[in-house]
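Undergrad: Sharing a structure with you now.
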C-alpha cells in the first residue's frame with residue numbers, strides 16, 4: 001500500500017526542519033542506554049595548573065587527630081589532664097582491665113607492695129634527715145644528737161627511718177620466699193625474679209652503708225669487722241681499700257658510705273625498681289602451679305581499683321605498726337666512736353646479716369673464711385638462676401627438689417639468725 005507522504009523529487013535538496021515555535025515543548029531527553037550498551041567515552045581530566053617554575057608544592061597529608069579523647073565525657077579537671085596527657089590513656093585502660101587471681105594464698109601478694117611502701121618512707125624521711133646530717137668524722141655523731149634533741153619531732157623522724165629500713169628488708173625477704181614457694185618465677189617471669197633479687201641485694205647494701213652513718217661505737221667496729229671479710233678473697237684487699245678510702249675505717253670511710261647510701265644506691269634502686277614494676281604490670285601475677293586446673297581459683301580482682309585499694313589497706317596497717325615500733329621501741333644512739341679504744345663486747349652486724357655472720361664464726365679454721373665466701377657466692381648465683389634451672393616449673397609441673405632446696409635455705413637463715421640472737425642476748 002503506497003504511503004501518502006510525497007517523496008522529494010530526484011536532484012532536489014532535502015527540506016530543512018522547521019524551527020520550533022516559541023513556547024513549544026522541548027524534545028524529550030534521550031533514554032538511558034540499555035545494559036550492555038557501549039558507554040560514551042569519559043571526558044579527559046582537566047590538566048592541573050602547573051606550579052611556578054622551581055617551586056615544589058607539597059601534597060596534602062591526612063593526619064589523624066592528635067588527641068582522640070578530647071571529646072570524651074569527663075569532669076573539668078579530669079578532662080583538662082586527659083587532653084594534655086592523652087598518651088597515658090591506653091596505659092590507664094590497660095590497668096583497669098588487668099586482673100589478679102584470688103585464691104587461698106593471695107595474701108602473700110601484698111608483701112611486695114609493703115616493701116615498696118616502706119622504701120617510699122625511707123626516701124621521704126631520708127631527705128628530711130639529710131637537711132641536718134653532716135657526714136664528717138667530727139660532726140656526724142653531734143648531728144644525730146641535734147636531730148634527736150633539738151629538731152622538732154626529729155627523734156620520731158629518726159626512729160621512723162630506722163624502723164622502716166628494717167621492715168622494708170623483712171617484707172622483701174617474705175616476698176622473695178613466698179614467690180619462690182609458689183613458683184611464681186616460672187616462665188615467662190624469669191626476669192621478674194632476677195630484678196627482685198637484685199633489689200634485695202641493693203637493699204642490703206643500703207643497710208650496710210647506712211649502719212656507719214651515726215658514727216657510734218657499735219657501728220664503727222661492726223663496719224671494721226664487716227669490711228675485713230672480703231680481704232681473704234682474691235682482689236678483696238684492693239676492694240676493701242676502695243670501700244674504706246684507706247687501710248683502716250676512718251673519716252674517709254664515712255664519706256664514702258654516705259655517698260653510696262644517698263647517691264649511688266638510690267639511683268640503682270630506682271632503675272631496677274622501674275624495670276621490676278614494669279615487668280609485673282606487663283606479665284601479671286601468676287597463681288601457684290595446678291591451682292587453675294584444680295579449680296582453686298576463686299575469681300579475679302581488678303588491679304585498679306580493687307587490688308590497689310586492698311594494697312592501700314595493707315599500707316595503712318604497716319604505717320600503724322611503724323609508728324608503734326618507732327614510739328615504743330626506739331633505737332639507741334650509743335656512744336661516739338673512738339678508733340683508739342678497744343672494741344666492746346657484743347659487736348655484731350644488723351640482724352639481716354646474722355646468718356652469714358654466724359657461718360663465718362663457725363668456719364674459724366684456716367681457709368674457713370674463704371670457703372664461707374665461696375659458699376655465699378655459689379648459693380647466691382644458684383638462687384638467682386633458679387627460674388632458668390627449674391625446668392619442671394616452667395612446664396607447669398611441680399618441682400619438689402627446688403621446694404626442698406628453698407626450705408633448706410630458709411632453715412639456714414632462720415636457725416643461724418636465732419643462734420646469733422641467743423648468744424648476744426646472754427651478753428646483755
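The count begins at 1 with the first shown residue.
Note that Cβ sites are derived from N, Cα and C of the backbone, with glycine treated the same way.
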Undergrad: Can you say which of 110-130, 131-151, 215-235, 236-256 is given as transmembrane segment in Swiss-Prot?
TA: 110-130
Undergrad: Using Swiss-Prot as the reference, determine which range in 162-182, 288-308 is annotated transmembrane segment.
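TA: My reading of Swiss-Prot: the transmembrane segment range is 162-182.
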Undergrad: Please identify the range among 71-91, 260-280 that Swiss-Prot labels transmembrane segment.
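TA: Per Swiss-Prot, the stretch marked transmembrane segment is 260-280.
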Undergrad: In sequence order, which same-chain residues at least six apart have a C-beta under 8 angstroms from residue 175 (heme b b566 binding site)?
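TA: Listed in sequence order: 108, 111, 112, 115, 196.
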Undergrad: How about long-range neighbours of the transmembrane segment (260-280): same chain, 6 or more residues beyond its ends, C-beta under 8 Å?
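TA: For the transmembrane segment (260-280), the far contacts come to 116, 119, 123, 126, 130, 189, 191-192, 195-196, 198-199, 202-203, 205-206, 209-210, 213.
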Undergrad: Run through the Cβ atoms and count how many others sit within 10 Å of the one on residue 261 (heme b b562 binding site).
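TA: Within a 10 Å radius of the Cβ of residue 261 (heme b b562 binding site) lie 21 other Cβ atoms.
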Undergrad: Please tell me whether the transmembrane segment (369-389) and the transmembrane segment (193-213) touch - that is, whether there are at least 3 C-beta pairs under 8 Å between them, with each pair 6 or more apart in sequence.
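TA: Stretch pair touches.
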